[in-house]
Every structure is written in structure tokens, then in C-alpha cells.
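K.L.:
Copying in the features that Swiss-Prot gives for the protein in this structure:
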- 29-138: domain 'CMP/dCMP-type deaminase 1' (DOMAIN)
- HIS65, CYS97, CYS100: Zn(2+) 1 binding site (BINDING)
- 214-328: domain 'CMP/dCMP-type deaminase 2' (DOMAIN)
- GLU259: active site, proton donor (ACT_SITE)
Amino acid sequence: MKPHFRNTVERMYRDTFSYNFYNRPILSRRNTVWLCYEVKTKGPSRPPLDAKIFRGQVYSELKYHPEMRFFHWFSKWRKLHRDQEYEVTWYISWSPCTKCTRDMATFLAEDPKVTLTIFVARLYYFWDPDYQEALRSLCQKRDGPRATMKIMNYDEFQHCWSKFVYSQRELFEPWNNLPKYYILLHIMLGEILRHSMDPPTFTFNFNNEPWVRGRHETYLCYEVERMHNDTWVLLNQRRGFLCNQAPHKHGFLEGRHAELCFLDVIPFWKLDLDQDYRVTCFTSWSPCFSCAQEMAKFISKNKHVSLCIFTARIYDDQGRCQEGLRTLAEAGAKISIMTYSEFKHCWDTFVDHQGCPFQPWDGLDEHSQDLSGRLRAILQNQEN
């Protein structure tokens, strides 16, 4: 027997979906929250649960929020199937509010047989410290099952369009800047949840052998400091990592380099123009010519921000890439090669090392010395 569904709809109209799931990070007048859900069961016996939609208002009483409506319904279902394990997936226009987030964490802590994956179109009050802490509490895994939260990318929007929209068999047409907004929100969520890189990803991509092969991605780790009483103070909430977006991934037809993704997110930090900041980047490859030009423009226009770049390897250090690095240095950026100290710092700060110390690879120091000499020659405009 199924419990009765209340306050649900089967599908939404196309304009309703496009309006409410539009993923620009800062939006007004989107006060209705749409929650599309799917419930799957583990094991050979799978009760036929239908995917449906809850909706509610942002500023209404908590019990009318779609997240709470879902759990009210789901709790009734659980009473009929206490021994079953469930995988619940949400696709939601706004991430849950602080109170909903805390109640969700309590529910999941009390029912370890339920796992919840949340795909969000936008982040609600992502700048609020209390909200950030609530999200971390919901998504942390150390003390037992919790939720997994991700930003909706093209694939999730396409899935919702096919599953929850009266699409009349028309294909999903992404709006302008969908992939760019996805990257911005992905980076901001990573900052909030303090995502860490897995050790193999770090050691593979940051290996500093000068002529290494098969490293086609650029990883960029970053941290931000603010000057206070003549001392640089680390801003823990402004720390994270990202990588370039390959062509045809997450809706990027032409791809987007890590440095440009990083520049996209800085305006959302809302750095105080009357304060001095130092941004430090640790990159697996040095910037290409175009990215170096854009980074130079940024620091030229933002005099309150200084930029330090430590790179593991030099990308195509012939021709225009050399010119780009010189332009970036002339604009005021400090460019250096990563040494053991920087590799260890990245390992300790950005990697989920599980308490294991950083183990340098063979040739690390020799490669750093060689690359440092080549970088000096490039910046001094000397022939190799």
C-alpha cells in the first residue's frame, strides 16, 4: 500500500521549468521552490515508487517547504517498509534553507538506511556563515550517512526536462551561460563544503617532470589572505580548487581554462575595495597566453588584489606563452615554480590525505631547480 501523495504534481510546464530552474547565481523574484524527486530501492524487491514534484514558497512556514513536505510523505512510506534501503535523489531549484537543512541532517542521522543525493540549480544564501555551517553538517560523512549535494549541470537539467516537464518530446535547449553559471556555483559549493582532492589526482597532475605526458587537465588550487595590522590573515572561507572544463563537458562546447573559471568566481567574493588582498594560486600548468593576458587585465583593474602564482610545470614555454608570462609578471603578478614546500602545503591544505604525510616523488627537487632556471630566462626575455 502506498501513502497518499499530497501537494505533488506529475510534471511542470516548460516555461515554469526554465523560469524556476534558471541557474544564474544571483536572482530575485524566484520565491517558489520546486523539488523533483526520485526514490529507488536496493535489493531484489523494489516497490514501484513514482517520481513526482513537490513545491512550496521560500518565505512560508517550514512545514510548507517542499523539503519538509517530502519528508512528511516519506516518513509514512518508511513505516510500511522499515527494513528496506532507499536511494533518494532530489533536483531542486533552490538549495534547502538553514532550518530545512538541519532537520534533514537529523532525519538522515536517525535513518542510516536512507541516502540522499541533492542536485541544486542555485545556492540559497550561500554567503551566510550559519547557512554554510548547516550545509557542511548535512553533507559531512565522518559520523554516519549524510546527504551528497551537487550543482546541476547540463545532464541533470536534461534529465529533469525529460522526466518532470511536459516537453512534448522536444529536446532541452540550454539557456545562455548555463555552463558558466554551473562552474561558478560548483566552485562556491566546493568552498562551502571544503571539498578536497583525492591523493592520486594530486600526485598525477602536479608531478613536476618537465616533459611529462598525458596531463591534459590544469588543476588550480587557491587561497586568499587579507591584510590586517600589517599581517596577512588567511580567509578560510576563500579556499578551494578547480580544474579546466574540457570541450563538450557540462555544456561547454569549446571548453574553458581553469584560470578563466577562477577569474569568473572572484567577483562573487565581493572583496572590500578599501582592503588589501593577496590571492595565491598553485597550478599544475602555467597559464597559456590568453589566460595570462586575462589575469594581467584583472590585477591591473583591481589594485587592491595582488596575485602570486606557483606552478608545477611550464606550459609550452615557446613563443606566445613566454610573452603571456612576461605580460603577467609586468602587471605585478609574482610567478614562481613550486618547490617541495609548496607541494607539501598543497597536500596538507587541498588533498584528502587521511593523515598520510606528503611523499615527494623521485626528481622533485631537481625538476624544480631546472624549471626555476627556465622560468627566470623566460621572464628576463633570454634565449634558451
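The backbone N, Cα and C atoms fix where each Cβ goes, glycine too.
These figures come from a predicted structure and were not determined experimentally.
Just tell me what is around each of these and how deep it sits.
P.N.:
Non-local neighbourhood of CYS100 (Zn(2+) 1 binding site): LEU62, HIS65, GLU67, MET68, each in the same chain, at least six residues away, with C-beta under 8 Å from its C-beta.
For the domain 'CMP/dCMP-type deaminase 2' (214-328), the model's pLDDT averages out at 90.
For the recorded site, GLU259 (active site, proton donor), the DSSP three-state label reads helix. Around GLU259 (active site, proton donor), taking its Cβ as the centre, 25 other Cβ atoms fall within 10 Å, counting all chains.
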K.L.:
Kindly assign CYS97 (Zn(2+) 1 binding site) to one of the three DSSP-derived states: helix, strand or coil.
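P.N.:
Reduced to three states, the DSSP call for CYS97 (Zn(2+) 1 binding site) is coil.
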K.L.:
Write out, in the order they occur in the sequence, the residues of the chain not among HIS65, CYS97, CYS100 that have a C-beta within 8 Å of the mean position of the C-beta atoms of the recorded Zn(2+) 1 site.
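P.N.:
Nearby residues not in the site list: VAL33, LEU62, GLU67, MET68, PRO96, THR98, LYS99, THR101, ASP103.
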K.L.:
Measure from the CA atom of CYS97 (Zn(2+) 1 binding site) to the CA atom of GLU259 (active site, proton donor) and give the result in Å, rounded to a whole number.
P.N.:
31
K.L.:
Which residue counts does DSSP give the domain 'CMP/dCMP-type deaminase 1' (29-138) for helix, strand and coil?
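P.N.:
Reading the DSSP string over the domain 'CMP/dCMP-type deaminase 1' (29-138) gives 41 helix, 34 strand, 35 coil.
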